[in-house]
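What follows is a set of notes on a single structure, which appears directly below.
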Amino acid sequence: MTETLRVVVAGGGELGSRTARLLADRGHTVVVVESDPDRAETVSDEYVASIIVGDASRPSILRQANPANSDVLAALTDDEATNFAICTAAQRMADIRTVMRTTRAPDDLYPEYVDGTVFPDGLGARSAVNEIVESGVRTLEDVSGDLEIVEIEIAPDAPVAGRRLDEIRLPRGSLIVSDADGSRIGGPDTVLRAGGRYVVAVESDVADEVLNLMRG
Amino acid sequence: MSYSGDRSPAASLGLLDATMVGIGAMIGAGIFVLTGLAVETAGAAAILAFALNGGVTTFTALSYGELASAIPRNGGGYAYVREAFSAPVAFVMGWTRWFTYIVAGALYALGFAANFVEFIEIYGVHLPGPPVAYALASVVVLVALNAVSTEASGGAETVVTLVKLAILGVFIAFGLTAAGVGEFDPFFPSGGAVSLLPAMGLTFIAFQGYDLIATVTEEVENPRKNIPRAILLSVLVTVVVYLLVVFVAIGTLGVPGLAGAGETAIAQAAEGFMPTFPVIGTGAALIAFGAVFSTISALNAVVIGSSRVAFAMGRERQLPAQLGRLHARFGTPFVAVLASAAVMLLAVVVVPIRTVGNLASLFSLLGFVVVNLAVIRIRRQQPNLERPFEIPYYPLPPILGIVCNLLLGLFIDPITWLLALGWLALGGGVYLLLRGREREPTPTEPEIAEPDVTIPPETD
């Protein structure tokens, strides 16, 4: 069952404001702390979060976001040291989960101090690889240890090309999530069109097998 | 990239639609149902009661404007109070908002029944059974509809409200030619000017509909600007319409006539001066139709409103979690609708209409006191909060709002206060019960500052 979270997002830049929007779309309550007045107004115009205008690394500002009454604090400014300071300050003020954005590969010791790290450049690298290697297979998401969400383009001579989903047998541990134009969830009547791109969830031990069926 | 951050097309209400949501809730039923009762209490000065209520409610409307522009959350007053105060205070706010909607529902159901019987009577048909039966039936039908299907869009609400405004416009246009100023003498009843205050308390419920705008904020276009505008505009339009209608009603039917007519006063006033229309029949039939139409649409709005408050509280674990669940098959907050309906039906059967009106007003007054306190508290706790709309002449309006709302509340009769306290006590019991159950699995949480004596919680 869904539970509504109250989340403080420090930093209303591109990452912070997008995070706020996604959270609000899922029904969570968001407070954004942003020091640049113009930026704050832009975020305010979106009407997805309350905005505190000020520098979140100043305790008097951070306190206004009311960490004591919140479930999670995400420090997402573009400065790693600032984010770390915000997280530790928030933990002093309240018993709160903290998530920080790192600008370099996350330090091994962070888990001792914060509950989660976000490394946008790491995610960026994955997108870069997807764009660079146009092999017809794109990683969308690493879900957990053994599961990956990938987008696969059906090769013209692949074994499953042109077949309906109920005519073929995909290996256990794989699932067609959406059909070619990404508008429908895959079902028995989904046709695997050659040249179409499909979102597929795969467990790593059958990834090879799935690629073989879909790429040939 | 095609998956850029465009917000989903939820924002569908323009300034007109948002304003109509507020006007629709305020002009819904209060004017039809309460005018007679107010005149019975305050005589011709009832018109002054409506005017002053308009002034009092404006203070709170300003507070709503500031909060709604700064805190983008559906849920209205409950959501803002949740932001400003601790969980118990928010619980009281939600609990009383819930009850306000429920009691308003009972009021509208009773008003609907009285006007419906009246409306059918115009065509020479005498309906069997007491009006209460029709009130109960209307609640049951609307609850059934809302339990199995999701609400209609805001566009329909705009049309419904425009129809109501048009009918009242006809009433005012004909009435102004027939109204006589002589009916306003004596202006104050034998009880003197003090009898104004109970009349204000009684009719205050009619001035709280803008709260509904604040419960749908996330659907409004350009919300930072449009919500405060819609709130203030809807109050302004409503007050003007009320004053005109009450002026016409008193000026035509006179004080004794209105006082005797109770909840069908406006329809009876119309009978005196309205010409006969083709198809519809007499002008009184048109007004009676307007009353039936308004009360039923207002009833529908509060059935939705009450269930959404219960739903929100269930989701935040302030009421049993079952209330915060959607029904798997219907996709509606089924349990919340049924729970609200059960209390509403009870209120229809046991509580007399005047007490129902008083109860709804009292809770709405108390709720508004808390909202005004929330504005002041948030200003102090969050001075750096971005406030696209700021209350002019702060802190005067919220302070005046608190004082006036409290004053009006004090003039509501003791029986209503007793009922209100009873409901609050019941709420307190529910709250403690829920808290107790929630705390059981986490007994390690240090709660009270009693340094040396730590008694481990009993296990059962």
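Placement of Cβ uses the backbone N, Cα and C atoms for every residue, glycine included.
Residues or ranges marked as region 'Disordered' by TrEMBL: B:441-460.
Summarising the annotation, TrEMBL assigns transmembrane segment to B:12-38 (among others).
The transmembrane segment annotation in TrEMBL covers B:44-64 (among others).
Among the features that TrEMBL reports, transmembrane segment is placed at B:98-120 (among others). Sequence-distant contacts of the transmembrane segment (B:98-120), counting only residues of its own chain at least 6 positions beyond either end whose CB sits under 8 Å from a CB of the stretch, comprise 28-29, 32-33, 126-127, 131-136, 138-139, 205, 208, 262-264, 267-268, 285, 288-289, 291-292, 295-296, 298-299, 302-303, 305-306, 309-310, 313, 340, 343-344, 347-348, 351, 353, 356-357, 359-360, 363-364, 367, 423.
Per TrEMBL, the feature transmembrane segment maps to B:132-149 (among others).
Tertiary proximity for the transmembrane segment (B:161-181) is limited to same-chain residues at least six positions away from its ends with a CB under 8 Å from its CB atoms, namely 20-21, 23-24, 27-28, 31, 241, 244-245, 247-252, 266, 269-270, 272-275, 283, 286-287, 289-290, 293-294, 297. Annotation source TrEMBL lists transmembrane segment at B:161-181 (among others).
Tertiary proximity for the transmembrane segment (B:187-210) is limited to same-chain residues at least six positions away from its ends with a CB under 8 Å from its CB atoms, namely 22-28, 30-31, 34, 37-38, 41-46, 48-50, 52-54, 56-57, 61, 64, 100, 104, 107, 230-231, 234-235, 238-239, 242, 255, 354, 357-358, 360-362, 364-365, 368, 407-409, 411-413. The feature transmembrane segment is assigned by TrEMBL to B:187-210 (among others).
Same-chain residues lying 6 or more positions outside the transmembrane segment (B:231-259) and placing a CB less than 8 Å from one of its CB atoms are 15, 19-23, 26-27, 31, 35-36, 38-40, 43-44, 46-47, 50-51, 54, 57-58, 61-62, 64-65, 68, 165, 168, 171-172, 175-176, 178-181, 183-184, 189, 206-207, 209-210, 213-214, 265-266, 268-269, 272-273. The feature transmembrane segment is assigned by TrEMBL to B:231-259 (among others).
The annotation transmembrane segment is assigned in TrEMBL to B:279-305 (among others). Same-chain residues lying 6 or more positions outside the transmembrane segment (B:279-305) and placing a CB less than 8 Å from one of its CB atoms are 24-25, 27-29, 31-33, 101-102, 104-105, 108-109, 111-112, 115-116, 118-119, 122-123, 138-139, 142-143, 145-146, 151, 157, 160, 163-164, 167-168, 170-171, 174, 212, 215, 264, 266-271, 273, 337, 340-341, 344.
As annotated by TrEMBL, transmembrane segment applies to B:326-353 (among others). Within the chain carrying the transmembrane segment (B:326-353), a Cβ under 8 angstroms from the stretch's Cβ atoms is held by residues 33, 37, 98-99, 101-103, 105-107, 109-111, 132, 135-136, 139-140, 143, 146-150, 262-263, 303, 306-308, 310-311, 314, 359, 419, all 6 or more beyond its ends.
Annotated transmembrane segment per TrEMBL: B:359-379 (among others), in sequence order.
Annotation comment: TrEMBL describes B:391-411 (among others) as transmembrane segment. Residues 56, 58-60, 62-63, 65-66, 197-198, 200-201, 204, 361-362, 365-366, 368-369, 372-373, 375-376, 379 of the same chain, all 6+ positions outside the transmembrane segment (B:391-411), place their C-beta atoms under 8 angstroms from a C-beta of that stretch.
Within its own chain, the transmembrane segment (B:417-434) has Cβ neighbours under 8 Å at 88, 91-92, 95-96, 99, 317-320, 351, 355, 359, 362-363, 366, counting only residues six or more beyond its boundaries. The feature transmembrane segment is assigned by TrEMBL to B:417-434 (among others).
Stretch with the largest number of CB pairs closer than 8 A to the transmembrane segment (B:12-38), among B:44-64, B:132-149, B:359-379: B:44-64.
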